[in-house]
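Trainee: Supplied in structure tokens, the structure appears directly below.
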Amino acid sequence: IRCFITPDVTSQACPDGHVCYTKMWCDNFCGMRGKRVDLGCAATCPKVKPGVNIKCCSRDNCNPFPTRKRS
């Protein structure tokens, strides 16, 4: 499987059986910059703390950097 990986947001090969993930959360600059985003791959979908959103998927490049909605 190939997943996008931060910080460069490049597509990289991950080991067989791994999943891609997109993890998003707010920090002190959330109001100005939007949510922080971490892209990667892992053996299983990572467990996250409350307030952190995570989406896992198992297709090539299924975790692109999310686009920010314009108001």
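Heads up, the Cβ atoms here are built off N, Cα and C, so glycines get one too.
Quick paste from Swiss-Prot:
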DISULFID  C3-C20  disulfide bond
DISULFID  C14-C41  disulfide bond
DISULFID  C26-C30  disulfide bond
DISULFID  C45-C56  disulfide bond
DISULFID  C57-C62  disulfide bond
Trainee: C26 (disulfide bond) to C56 (disulfide bond): how many Å between their Cα atoms?
Mentor: 19
Trainee: Including all protein chains shown, what's the count of other C-beta atoms within 10 A of the C-beta of C56 (disulfide bond)?
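Mentor: For C56 (disulfide bond), the count of other Cβ atoms within 10 Å is 17.
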Trainee: Please report the Cα separation of C3 (disulfide bond) and C57 (disulfide bond) in Å, rounded to an integer.
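Mentor: About 9 Å separate the Cα atoms of these two residues.
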Trainee: To the nearest whole angstrom, state the Cα distance for the pair C14 (disulfide bond) and C20 (disulfide bond).
Mentor: 9
Trainee: Taking DSSP as the reference, which of helix, strand or coil describes C14 (disulfide bond)?
Mentor: coil
